[in-house]
Amino acid sequence: MAVGMSMKADEVGQYNYRKKITLFVVLSCMVAAMGGILFGYDIGISGGVTSMDSFLKKFFPKVYRRMKEDTEVSNYCKFESELLTLFTSSLYVAGLIASFVASIITDSFGRKPTIIVAGVAFLAGSGLGGWSYNVYMLILGRVLLGVGVGFANQSVPLYLSEMAPPTLRGAINMGFQFSVGIGVLMATLINYGTQKIEEGWGWRISLAMAAAPASVLTVGAIFLPETPNSLIQRGSDHEKTKQMLQKVRGTNDVQAELDDLIEASNSSKTTKKPFKTILERKYRPQLVMAIAIPFFQQVTGINVISFYAPILFRTIGLGESASLMSSVVTGSVGIVTTFLSMLTVDKLGRRTLFMSGGIIMFVSQMMVGAVLAGKLGDEGVISKGWSYIVLILICIYVAGFGWSWGPLGWLVPSEIFPLEIRSAGQSITVAVGFLFTFIIAQTFLAMLCHFKSGIFFFFGGWVVVMTGFVHFLLPETKNVPIEQMERVWKGHWFWKNIVGGDVHVEAK
């Protein structure tokens, strides 16, 4: 049985789009990818401020007292607090709801307005967070940040995939995850500096500084062009769309791609209820991926590392400054490996990166779990040497994620949906991601308390499941034009039985 599959261009339609990478596309995608920095900054900043003594003392005094004074509490349980996890996870509930609203705006008004709304909401949330004087203001600010992140995560990956030429779509779309990594690193560096402010108000700077990338995105998005796909979907005349295609592709010979867009647009106009349409049998593979990929991305355990890395490193005995600096190291590793993934994804393909990254993550998680099980009990700390071994293993894990599930978790869903259900499909992807991010963020500290080192075995088991899922059920999508993507399902050994068709596929 052929598990993998590829597409022979001469059998499924010649992919003879004329294109070259233009400065216009590069600048547009760089501005749009700033939406990833918003998401990354928020992930990094929340974990950092919740490890600051001054922040805990002001908003979560019970956690602070337990950490400092209660010597009988297990190392794994010192940070367990429903209110503390609500602060972290409230953003994801707001983002989940916002992603469905964003779908309507994206379909009706385009990708560009949705990105602008994301920037404005994030600006408001960062201001409120920085000026918070009680926990309610703090959580309301997080909700506004969630609206911004929900709108950005729904629109930016679509924007990048639609603007990119097929042969570079993987690299350009991965700019979103690369920006997420930059945002996490920025936040961690800022936390490292602000936690040294002796007066204890450094956390305010950390939360308020989110306004910087939000301002860049908001202002930059005003000047963004709309994607050709969105223009024709919303009824723009063919000549206007053709002119945008020519500008985006850097050539006048765009008729083949325009014809595909027109055909996709005509199909999409018959779809009045995309969230109902996506339930139809012919869209079953896309729906499964829209749910499975973001679910698997969350149960890799990466957000546990991102949210709670400073707390985790303090749990194993590193001090406040050392724990934040350790997060800087892991964040830097993630950025480097995501960049390497950007350079290779359109050559090696999505499946190769998924499989190799899964193996790396599984091995490193098993080793972290084994070290903590053997060396860290409920009380005391492990030696500095073993602490740094754990740090190295977590860096290897982050490298595996940055190489695979990090960027590919955004890339693959954004490129597989036909135009008529694209916005709805992306909203489902984002919502599922937020839902399970919320669940994990809300339960992780309790899981850490009860599972102890077994938490790493728990997530490692999921990595095995998701790697098998990719091996058997995900076809290769590299170099396939986004408006011809339905052909990969018709050539897949399993999905062809669901959607019909028997196209032999071999990616070029």
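Any Cβ shown, glycine's included, is placed from N, Cα and C.
Taken from TrEMBL, the feature transmembrane segment covers 21-41 (among others).
Residues or ranges marked as domain 'Major facilitator superfamily (MFS) profile' by TrEMBL: 28-478.
Sequence annotations record features per position, and here TrEMBL assigns transmembrane segment to 83-102 (among others).
Counting same-chain residues at least six beyond the ends of the transmembrane segment (114-133), those with a Cβ under 8 angstroms from any Cβ of the stretch are 32, 35, 38, 59, 98, 102, 105-106, 140-152, 154-156, 159, 204-205, 207-211, 213-215, 217-219, 221-222, 224. Annotation source TrEMBL lists transmembrane segment at 114-133 (among others).
Residues or ranges marked as transmembrane segment by TrEMBL: 139-160 (among others).
The annotation transmembrane segment is assigned in TrEMBL to 172-193 (among others). Distant neighbours of the transmembrane segment (172-193): 25, 29-30, 33-45, 48-49, 52, 156-157, 160-161, 163-164, 202, 205-206, 209, 213, 306, 310, 321, 324-325, 327-328, 331-332, 334-335, 338-339, 341-342, 345, 402, 406-411, 414-415; these residues of the same chain sit at least 6 beyond its ends, with a Cβ under 8 Å from one of its Cβ atoms.
Feature annotation from TrEMBL assigns transmembrane segment to 205-224 (among others).
The transmembrane segment annotation in TrEMBL covers 287-311 (among others).
Annotation comment: TrEMBL describes 323-345 (among others) as transmembrane segment. Beyond the ends of the transmembrane segment (323-345), by six or more residues, the same chain brings 44, 47-48, 51, 170-171, 174-175, 177-178, 181-182, 184-185, 188-189, 191-192, 195, 305, 309-314, 353, 391, 394-395, 398-404, 406-408, 411, 478 to within a C-beta distance below 8 angstroms of the stretch.
The transmembrane segment annotation in TrEMBL covers 352-373 (among others). Tertiary proximity for the transmembrane segment (352-373) is limited to same-chain residues at least six positions away from its ends with a CB under 8 Å from its CB atoms, namely 300-301, 316, 341, 344-345, 382, 386, 389-390, 393-394, 396-397, 399-401, 403-405, 408, 452-457, 459-460, 463-464, 466-467, 470-471, 474.
The transmembrane segment feature in TrEMBL is assigned to 385-406 (among others). Listed by sequence, the residues of this chain that lie at least six past the ends of the transmembrane segment (385-406) yet keep a Cβ under 8 A from its Cβ atoms are 177, 180-181, 296-297, 300, 302, 305, 309, 313, 316-318, 326, 329-331, 333-338, 340-341, 353-361, 363-365, 367-368, 371-372, 375, 466.
Marked as transmembrane segment by TrEMBL: 427-448 (among others).
As annotated by TrEMBL, transmembrane segment applies to 454-474 (among others). Tertiary neighbourhood of the transmembrane segment (454-474): same-chain residues 3, 288-289, 292, 296, 299-301, 304, 350-351, 354-355, 358-359, 361-362, 365-366, 368-369, 372-373, 405, 412, 444, 447-448, 494-495, selected by CB-CB distance under 8 Å and a gap of 6+ residues from either end.
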Local confidence of the prediction over the domain 'Major facilitator superfamily (MFS) profile' (28-478), expressed as mean pLDDT: 86
Beyond the flanks of the transmembrane segment (205-224) by 6 or more, those residues with Cβ under 8 Å of it: 28, 31-32, 34-35, 37-38, 41-42, 45, 48-49, 112, 115-116, 118-120, 122-123, 125-127, 129-132, 141, 145, 148, 152, 159, 183, 186-187, 190-191, 194, 197
